[in-house]
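Peer 1: Reproduced below are the annotations present in TrEMBL:
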TRANSMEM  7-25  transmembrane segment
DOMAIN    7-335  domain 'Acyltransferase 3'
TRANSMEM  45-65  transmembrane segment
TRANSMEM  85-105  transmembrane segment
TRANSMEM  149-170  transmembrane segment
TRANSMEM  177-194  transmembrane segment
TRANSMEM  200-217  transmembrane segment
TRANSMEM  229-247  transmembrane segment
TRANSMEM  253-272  transmembrane segment
TRANSMEM  293-311  transmembrane segment
TRANSMEM  317-342  transmembrane segment
Amino acid sequence: MNNKLPNLDALRLFLAMSVVIYHINDLLPKFGLASSYNLDFLFKGPLAVNYFFSLSGFLIIRLLWKEKTTFGQINIGNFYMRRILRILPLYFIVLLVGILAYEWIMPSLIPEISIERSYSFGDLIFHYLFMLPNVFKAEFPEVGPILDVLWSIGIEEQFYLFIPLILFLGTSRWIRPTLLLSLVVVISCFWYFSKMDFYYMYYFYFLFSGLLAILLESGKLKQVFGNKAFQLLVLLLFLLNFTTSLFEIDDYFLRHMVRMVLSGFLVATLSTNPLFKINNKYVNHLGKVSYGIYMYHMIIISAVVVVLSKLNVELNLFGLLAFYAVCCTLVFGVATLSYHFVEKRFLGLKKAFRHEPGSPLD
């Protein structure tokens with residue numbers, strides 16, 4: 001049984017590059033290297049991260065549902081180990097690089113652009129070791145861009161912690177109502193407690209798209225998401241969302257509810273009898289290493305920015321395009337090397353925490 005869903009590598013690459021472009025356009029003006037171009041599509045990094053949450057929820061809850069319906073239970077320990085082996089190696093590499101950069105390298109080599117901080121080193125270590133980087137980012141926004149990007153990994157890890165526990169109890173027929181109830185509770189809390197937005201606690205993205213995944217796998221909604229007119233509408237809304245400010249609603253609750261629905265619908269549409277299938281080997285490769293692209297990009301961008309700032313370079317439009325090309329090339333290269341020489345070593349260990357060979361989930 002092939003669990004590979006179409007188009008998702010291409011979506012991963014698109015979302016990762018949206019984050020990279022956003023951070024380049026955000027960082028350069030702060031160092032006086034280039035003017036900021038006020039084009040909507042350059043500022044879609046936060047939106048792309050929300051879409052990443054929906055993609056993760058769709059895939060992970062789909063996998064857990066298949067495990068529950070196939071074997072009658074979820075092996076929580078195996079699930080945790082697979083997630084640890086996939087997520088944490090790069091998390092701790094970036095954490096170490098960020099600490100070295102902001103605690104020692106920048107203060108000693110380039111003190112004029114060192115980051116002023118109001119937190120202690122112990123606070124930083126505590127929050128990042130216990131997977132609370134989102135809390136730290138909210139409380140101390142000056143943490144620095146290399147460490148800043150880890151907030152979303154914290155949210156993912158928090159979701160991975162509780163979702164198998166929610167789905168573990170009861171039979172498989174209770175998964176859908178349990179997920180629906182969990183979604184209602186989380187959305188209600190998000191509406192009532194504004195601190196959830198302050199701490200970036202966007203768990204509803206995972207739950208909504210995961211519920212869609214189960215409904216599709218069980219035969220529900222397939223006619224809706226297989227309808228060509230509906231697919232065209234979803235794709236049009238996706239393009240508008242990433243190229244205009246049409247859905248940038250001031251009210252935080254409504255803004256995230258719209259994003260939740262649009263992102264969940266997009267993932268479901270692209271992976272369910274879609275209008276097209278993107279199957280290019282280069283796109284598939286970069287989609288496969290997109291986690292590395294996301295994790296390493298601020299290290300690369302920051303390093304190039306520091307070099308240019310020391311050289312007192314001011315970029316014109318041509319120079320800015322060259323900067324994008326250099327950064328993207330370096331990020332792709334580092335992500336590829338990391339995948340083959342670091343991540344694969346840990347991914348190979350996941351075999352010990354899978355189901356027996358030949359199972360539908362292997």
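The backbone N, Cα and C atoms fix where each Cβ goes, and this holds for glycine too.
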Peer 1: Please give the sequence-distant neighbours of the transmembrane segment (293-311): residues at least 6 beyond its ends with Cβ less than 8 Å from one of its Cβ atoms.
Peer 2: 13, 16-17, 19-20, 23-24, 27-28, 31-33, 52, 90-91, 93-94, 97-98, 101, 106, 110, 113, 145-146, 148-149, 153, 286, 323, 326-327, 330-332, 334-335, 338
Peer 1: Over the domain 'Acyltransferase 3' (7-335), what is the model's average pLDDT?
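Peer 2: The average pLDDT of the model in the domain 'Acyltransferase 3' (7-335) works out to 93.
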Peer 1: So which of 7-25, 45-65, 85-105, 253-272, 317-342 is most in touch with the transmembrane segment (177-194), counting Cβ pairs under 8 Å?
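Peer 2: Ranked by Cβ pairs under 8 Å, first place goes to 253-272.
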Peer 1: Which sequence positions outside the transmembrane segment (7-25), separated from its termini by at least 6 residues, show Cβ-Cβ distances below 8 Å to it?
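Peer 2: Apart from its flanks, the transmembrane segment (7-25) reaches 36-37, 41-49, 51-52, 55, 59, 145, 149, 242, 266-267, 270-271, 274, 276-278, 280, 283-284, 286-288, 290, 293-294, 297-298, 301, 323-324, 327-328, 331.
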Peer 1: Going through 85-105, 229-247, 253-272, 317-342 one by one, which has the most CB pairs that fall under 8 Å from the transmembrane segment (45-65)?
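Peer 2: If we count Cβ pairs closer than 8 Å to the transmembrane segment (45-65), 253-272 scores highest.
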Peer 1: Give the nonlocal contacts of the transmembrane segment (253-272) in its own chain as ranges (CB under 8 Å, at least six residues past its ends).
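Peer 2: Counting only partners 6 or more residues beyond its ends, the transmembrane segment (253-272) has Cβ contacts under 8 Å with 5-8, 11, 47, 50-51, 53-55, 58, 187, 190-191, 197, 202, 204-205, 208-209, 212-213, 216, 221-222, 225-226, 230-231, 234-235, 237-238, 241, 247.
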Peer 1: Residues of the same chain, at least six outside the transmembrane segment (229-247), with any C-beta under 8 angstroms of its C-beta?
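Peer 2: Tertiary neighbours of the transmembrane segment (229-247) are 18, 40-41, 44, 47-48, 255, 258-259, 262, 265-266, 269, 274-275.
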